[in-house]
Amino acid sequence: MIYLHRIYFIIVLFTLIFHGRLGFSDNNKLHEAEVRALKEIGKKLGKKDWDFNKDPCSGEGTWIVTTYTTKGFESNITCDCSFLPQNSSCHVIRIALKSQNLTGIVPPEFSKLRHLKVLDLSRNSLTGSIPKEWASMRLEDLSFMGNRLSGPFPKVLTRLTMLRNLSLEGNQFSGPIPPDIGQLVHLEKLHLPSNAFTGPLTEKLGLLKNLTDMRISDNNFTGPIPDFISNWTRILKLQMHGCGLDGPIPSSISSLTSLTDLRISDLGGKPSSFPPLKNLESIKTLILRKCKIIGPIPKYIGDLKKLKTLDLSFNLLSGEIPSSFENMKKADFIYLTGNKLTGGVPNYFVERNKNVDVSFNNFTDESSIPSHDCNRVTSNLVESFALGNKSHKGSTCFLQRMPCVHPKRYHLYKLYINCGGGEVKVDKEITYQADDEPKGASMYVLGANKRWALSSTGNFMDNDDDADEYTVQNTSRLSVNASSPSFGLYRTARVSPLSLTYYGICLGNGNYTVNLHFAEIIFTDDNTLYSLGKRLFDIYVQDQLVIKNFNIQEAARGSGKPIIKSFLVNVTDHTLKIGLRWAGKGTTGIPIRGVYGPMISAISVEPNFKPPVYYDTKDIILKVGVPVAAATLLLFIIVGVFWKKRRDKNDIDKELRGLDLQTGTFTLRQIKAATDNFDVTRKIGEGGFGSVYKGELSEGKLIAVKQLSAKSRQGNREFVNEIGMISALQHPNLVKLYGCCVEGNQLILVYEYLENNCLSRALFGKDESSRLKLDWSTRKKIFLGIAKGLTFLHEESRIKIVHRDIKASNVLLDKDLNAKISDFGLAKLNDDGNTHISTRIAGTIGYMAPEYAMRGYLTEKADVYSFGVVALEIVSGKSNTNFRPTEDFVYLLDWAYVLQERGSLLELVDPTLASDYSEEEAMLMLNVALMCTNASPTLRPTMSQVVSLIEGKTAMQELLSDPSFSTVNPKLKALRNHFWQNELSRSLSFSTSGPRTASANSLVDAEEKTGLLD
């Protein structure tokens, strides 16, 4: 029925033409009032090429432009001269002014064109909003796609009840979608991508039952995907890329049986199972990327006969690839990248010529590994197999982390790549290697020197171009001197619609500076349609997210301007990994329809240490002869004697080199110069393993120097752990390790210098002058910063670490009072995430969790307990171990529980704040702190849950209603006090008798035996 009026219109139009009523005689000119309206419109839009010497309805002059060079350009006015009586005037029914660089505000005078039904002003630079005068118009099709309109959703549009197609894509509208949009019941197409709309989707959208095409990608909506989408039973296309909504995808989606194109990506919320899509038999494009989908891939996916593009990448899918996938004969693209799929890779995936990507998975069937190299396989299988330490056949590029099989003498220590372009020599010493492979939909390319590689995933959909380009040439004006050696690096770039990963292969282990070179060379800064585009993507280094929603133009403050992002990276397994991923943000219709994903111009990797030098012994003998050989032998004898005398002093050097650590960034001479030979006036603290000094390098950079005490071998080993593992951890809330110095038995770590010392000094320093006046917002920021740092250590980093000594003095504050966790010298690796027994208790009285201090049970929940104590100190401004309101209380924590039982927790808030704090936030933070100090580790929250609670993403009410989170069993309090006052006062270290193991269940058993769960 919705198309009957169109059919009727066509029949009438044909009849009128047949009877000669559309001829342009003198009596069939455009109505004079509409001519005046067009003149006003043209003046406001700067449309100077309209020739009013010709009648706008004559089809002559500039009123209909049939030849143009710009893609998407259109300049046409369509009239209807069939109105009765026969000699009446013509009227404008359609105006299309597309891609014409029009500027200014939207003219209200369009409302004077009473018969206008179609208005297309897409891809211009119009500003402001929609005039209220438009409320009386009878528009059916309206497009402002790709302009600069702003403000809230124009309510005047909800008055245009005849609208069938509405596009506001690619503008700057903000705020919620008004409920009045439900009045547009005739809408068939609604395009709202690439704006800044917020709030939940109004349920009134469910009234738009005639929708066939709905797009809301690249916005900031909140809440879940609503169930009312099941009302859109006629919908053919539904796109929700990076729109801010949470999962799960509702089961009601199964009723949308007409869908041919479903695209959803980057959902928030909790993981959920695969949505029921079996009824979507007409589906051609199915994209469910990064939607937190867990579990197996349903078998019926392979039976969807019309499916051409399938993208299930970057989810949590597990199990084997269904055998039904062999039936997907018509599929052009299959992306299963970045999941946890196991089993084997089917032969039909490896052998087919279509684009298939199963990289970054956990396949275990060794027999399905191709016998030849990754770049000779049609499909992309990079890092797709998880075989552990098992022997394997074929190339190592198929294995996770690409293990290096070359001896040390062949390791690489510098790397330069000109991404998307040819070889560029910037000086005598540095040449950027060519990276100009044109293909890229699903590929692996090995560099010319076989020491770097790239993996690309994704095809440029919707651009109507069969020959997608994955390397691009500069189209903007470069702000780089053409005579500059680096000019050639920014003339080209490599792009990818979805995922782009670069590898440094067989690098020597150690600390490196990685420079990523960017310049936006597609979008421009002028008023052309190329200035309307927006590119956003995420940057990962060593699989860790380092920049979210990176915008090259914004970072460089313009197009064509170079910007270099530098990262200190510790390579520990000979592989460097740099990942760029599109996260559904940015424009997809400007300047032309398509995806504008990651872009990179060049990569440089340089060591922060002196690489070892290896010589070919045969060549030396041939060139220098026997005399030199004799001298060399004598030298070896002398060195041998010298080594024998000093072998005890070099034990740590040997230990470090045995671990293949190359972190000798600083010399002892540099360190002594920076610290005035460790002058006592430079001393700023005393750590668990030695003193800490403030230093200043020759270039003026401030550093913190930690000089390791040589009192014990245990300390030496901990130092090795710090160098080898902690420098690989980079997070805004962790103290950054710059490098180390290893000379003889001098073991020194060099950290970033933090201006505001530690949290304990800021809160309760010895004298008032050393304390900082921390307002409430700063305390909350510190609270959240510590929580985020621990979340990273426990859950997000590649190597899981339990700190074991979280306390206020191990939290440092930078110049902006951001919290950074320090002192990982006591950290223990927890690779498999299981509970384990520690044979050495390391921690501080008053901060240690009972199960760890008493039994040696160590999990990340020990850090959670310590965090809870520090959290109380942040809110109260009092030290847990030094504050005793009466003799009945040993710790601040005990007093906190008493106040909680009395219902007067807010008495804990630091009195120096007076009333300048949020009572609601204080109650939340205090209750979270007490939850963290629950005597039972199984009842403590994880640190990610703490972050979610404080950020308001998770409600607190249900947890607070559980007595186990809000009260303390007297038996537990007595047990804890007894332990602190007696057992810990004797010793902080003990050995367990014989080998012991523990699991989550045994931990609970232990709690029951000690009365922790009574």
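Note that Cβ sites are derived from N, Cα and C of the backbone, with glycine treated the same way.
The topological domain 'Extracellular' annotation in Swiss-Prot covers 24-619 and rests on sequence analysis.
Packing around N76 (N-linked glycosylation site) is summarised by its Cβ count: 15 other Cβ atoms lie within 10 angstroms of its Cβ, all protein chains included. Taken from Swiss-Prot, the feature N-linked glycosylation site applies to N76 (among others), supported by sequence analysis.
Look at Swiss-Prot and you will find N87 (among others) tagged as N-linked glycosylation site, backed by sequence analysis.
For the repeat 'LRR 1' (89-112), the number of residues in each DSSP class (helix H, G, I; strand E, B; coil) is 5 helix, 12 strand, 7 coil. Taken from Swiss-Prot, the feature repeat 'LRR 1' applies to 89-112.
Sequence annotations record features per position, and here Swiss-Prot assigns N-linked glycosylation site to N101 (among others) based on sequence analysis. Cβ neighbour count for N101 (N-linked glycosylation site) (all protein chains, 10 Å cutoff from its Cβ): 14.
Taking Cβ pairs closer than 8 Å, the repeat 'LRR 2' (113-137) reaches residues 34, 37-38, 72, 74, 78, 80, 91-107, 143-151, 154, 156-157, 159-160, 167, 527, 529, 531-532, 590-591 in its own chain, all 6 or more past its ends. What Swiss-Prot lists as repeat 'LRR 2' is 113-137.
Taken together, the residues of the repeat 'LRR 3' (139-160) have an average pLDDT of 96. Sequence annotations record features per position, and here Swiss-Prot assigns repeat 'LRR 3' to 139-160.
The annotation repeat 'LRR 4' is assigned in Swiss-Prot to 161-184. Beyond the ends of the repeat 'LRR 4' (161-184), by six or more residues, the same chain brings 2, 122, 138-155, 190-208, 215, 532, 587, 589-590 to within a C-beta distance below 8 angstroms of the stretch.
In sequence order, E140, D141, L142, S143, L187, E188, K189 are the residues of the chain that are 6 or more apart from N165 (N-linked glycosylation site) and have a CB within less than 8 Å of its CB. In the three-state DSSP classification, N165 (N-linked glycosylation site) falls within a strand. Residues or ranges marked as N-linked glycosylation site by Swiss-Prot on the basis of sequence analysis: N165 (among others).
For 186-207, the entry in Swiss-Prot reads repeat 'LRR 5'. Counting only same-chain residues 6+ beyond the ends of the repeat 'LRR 5' (186-207), those with a CB under 8 A from a CB of the stretch are 2, 145, 153, 161-180, 213-223, 226, 228-229, 231, 239, 241, 244-245, 534, 586-590.
Under 8 Å from some Cβ of the repeat 'LRR 6' (208-234) lie the Cβ atoms of residues 2, 169, 181-182, 184-201, 240-250, 252-253, 255-258, 263-264, 267, 269, 584-588, all in the same chain and six or more residues away from its ends. Residues annotated as repeat 'LRR 6' in Swiss-Prot: 208-234.
Annotated N-linked glycosylation site per Swiss-Prot: N210 (among others), in sequence order. Under the three-state DSSP scheme, N210 (N-linked glycosylation site) falls in the coil class.
DSSP gives N220 (N-linked glycosylation site) a strand state. Look at Swiss-Prot and you will find N220 (among others) tagged as N-linked glycosylation site.
On its own chain, N231 (N-linked glycosylation site) has G206, L207, L208, K209 as residues at least 6 apart in sequence with a Cβ closer than 8 Å to its own Cβ. Following the DSSP three-state reduction, the secondary structure of N231 (N-linked glycosylation site) is helix. Feature annotation from Swiss-Prot assigns N-linked glycosylation site to N231 (among others); the stated evidence is sequence analysis.
Here the repeat 'LRR 7' (256-279) has long-range neighbours at 217, 224-225, 229-230, 232-242, 244-250, 285-298, 300-301, 304, 306, 316-317, 583-585, meaning same-chain residues at least 6 beyond its ends whose C-beta is under 8 angstroms from one of its own. Annotated repeat 'LRR 7' per Swiss-Prot: 256-279, in sequence order.
Look at Swiss-Prot and you will find 280-304 tagged as repeat 'LRR 8'.
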*What counts of helix, strand and coil residues does DSSP assign across the repeat 'LRR 3' (139-160)?*
5 helix, 8 strand, 9 coil
*Nearest of the recorded positions (N101, N210, N570, S809) to E686 (ATP binding site) - Cα to Cα*: S809
*Using DSSP, how many residues of the repeat 'LRR 10' (329-352) fall into helix, strand and coil, respectively?*
5 helix, 5 strand, 14 coil
*Mind checking which residues of the chain, 6+ beyond the ends of the repeat 'LRR 12' (516-539), have their Cβ under 8 Å from one of its Cβ atoms?*
72, 99, 101, 103, 123-125, 146-148, 170, 194, 419, 472-478, 480, 489-493, 545-553, 555-556, 558-567, 578-583, 585-587, 590-591, 596-604
_Summary of DSSP states over the repeat 'LRR 11' (354-376), given as helix, strand and coil counts_ = 6 helix, 4 strand, 13 coil
*Nearest to N210 (N-linked glycosylation site) in three-dimensional space, by Cα, is which of the recorded positions N362, G690, V692, Y751, T844?*
N362
_Using Cβ atoms only, which residues of the same chain lie under 8 Å from Y751 (phosphotyrosine) while being at least 6 residues apart in sequence?_
I703, A704, V705, K706, V735, K736, L737, Y738, S822
_Site of maximum Cβ density within 10 Å, from recorded positions N362, N570, T844_ = N570
_Y852 (phosphotyrosine) - helix vs strand vs coil (DSSP)_ = helix
